[in-house]
Amino acid sequence: MVQTGYSPLGLTKIIMQNMKSDLKNVTIIGSGAWGSALADLVQRNDCHVQIWSRQSQSSLAALVSNSDAIISAVSIKGVRTIAEKLQTAKLLPHAVLVSATKGLEPTTGKTPSQIWQSLVPNHPLVVLSGPNLSKEIMEGKPAATVVASYNDDAAQFIQNIFASRNFRVYTNSDPIGVELGGTLKNVIAIAVGACDGLNLGTNAKSALIARSLIEIIRVGVYFGAQPETFWGLSGLGDLLATCNSNLSRNYQVGYAIAQGLSLDEAIAQVQGTAEGVNTANVLIEISDREKISVPVSRYVYRLLKGEITLQQAVEGLMERDLKPENLENLEL
Ligand SMILES: NC(=O)c1ccc[n+]([C@@H]2O[C@H](COP(=O)([O-])OP(=O)(O)OC[C@H]3O[C@@H](n4cnc5c(N)ncnc54)[C@H](O)[C@@H]3O)[C@@H](O)[C@H]2O)c1
Ligand SMILES: O=P(O)(O)OC[C@H](O)CO
């Protein structure tokens, strides 16, 4: 992804000037669990925050016209509609866009930042992702996240908007890697929720998490991410958070299936969006087309499609051909 359509030096100057001014106007798009938690974080700092959702009566274009930062926290299915609205809106020249969605678009296989980049290319884009269970953040518990951009100044600007005593924010220059860590772990959280639901034990769970990280990196490399990004907060960090907490909606889906619920029943009892279900479909399409080996995600996909039982998924993973661990060549 290359940022185009603006002068980086001119923009840097404007962003730096803006960082020095006192009150920042921030618009959060999406009033679900994550949009609300992000609004709460920004409010702790010296910012004027407004939230817009598709239920709002006000016009999004009018709302964002004076925003220094526009943060999208909608589910993947809403990203293109929202980006199209902003495509025609008149934004402040220095306005920074932030994508906080963790998903893949069903029709195109694109990441949220790729959608934003293609539709609103004249503004710097920052991806925000990390081990961030919204309920813990709303309770003021300590957490850390990553803001990643090809534009360092934009990333620093967003770092300052969010950072507080209880929320530590790191910058990073690999937005696609940061974004995919958050997206792909959702499929794995379904597998780990099912593993816990079956009470398969800590050895099984640890093996599942460690082997899954390898397949996440394989997919990340295909998308152009830096492999090392996945060892950080937005990769391993978020994988651990989501696979170790029953606050995770994706984990809850896997756990419920292990209790004998159908996928529809599992989704119905989860509050909010479990992106991993759609991500599994898109990921398998990509991996089939590009011949990327993603065995854990493939078993999750087949389980969700009803092609196999959970017991068959466990047996299938355990009975795969024996092979070297081969950490030197993650693309194999
Ligand atoms: N909740 C968390 O802990 C958390 C943390 C980090 C990232 N995320 C990610 O943030 C995103 C939102 O998650 P959430 O927990 O807020 O989900 P949620 O279900 O609570 O809210 C979803 C939001 O997206 C909006 N939306 C959905 N479809 C839309 C459409 N077609 N057009 C416009 N808007 C639409 C909804 O109105 C709502 O505001 C997901 O991608 C999720 O993976 C969530
Ligand atoms: O509730 P989940 O499974 O969408 O996970 C929430 C966040 O992505 C954890 O970082």
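Yeah, the Cβs are placed from backbone N, Cα and C, and that goes for glycine too.
Residues within less than 8 Å, Cβ to Cβ, of K185 (active site, proton acceptor) and separated from it by at least 6 positions along the same chain comprise S212, I216, G235, D238, L239, T242, C243. As annotated by TrEMBL, active site, proton acceptor applies to K185.
Residues annotated as NAD(+) binding site in TrEMBL: G30, S31, G32, A33, W34, G35, R249. All protein chains included, W34 (NAD(+) binding site) registers 24 other Cβ atoms within 10 Å of its own Cβ.
Among the features that TrEMBL reports, NADPH binding site is placed at W34, R54, K102, S134, R249, E275. DSSP assigns W34 (NAD(+) binding site) to a helical segment in the three-state reduction.
Summarising the annotation, TrEMBL assigns substrate binding site to K102, R249, N250. Counting only same-chain residues six or more apart in sequence, the Cβ atoms lying under 8 angstroms from the Cβ of R249 (NAD(+) binding site) belong to V270, Q271, G272, T273, A274.
G130 (sn-glycerol 3-phosphate binding site) falls outside any helix or strand according to DSSP and counts as coil. The sn-glycerol 3-phosphate binding site feature in TrEMBL is assigned to K102, G130, K185, D238, S248, R249, N250.
According to TrEMBL, the feature domain 'Glycerol-3-phosphate dehydrogenase NAD-dependent N-terminal' maps to 57-154.
In the predicted model, the domain 'Glycerol-3-phosphate dehydrogenase NAD-dependent C-terminal' (174-315) shows an average pLDDT of 98. According to TrEMBL, the domain 'Glycerol-3-phosphate dehydrogenase NAD-dependent C-terminal' annotation covers 174-315.
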Listed binding-site residues among G32, G130, N250 whose Cα sits within 10 Å of E275 (NADPH binding site): N250
Filtered binding-site residues, from A33, R54, S134, whose Cβ is under 6 Å from an atom of ligand 2: none
Reduced DSSP assignment, D238 (sn-glycerol 3-phosphate binding site): helix
Filtered recorded positions, from K185, R249, E275, whose Cβ is under 6 Å from an atom of ligand 1: E275
For sn-glycerol 3-phosphate, whose listed binding residues are K102, G130, K185, D238, S248, R249, N250, the greatest C-alpha pairwise distance in Å: 16
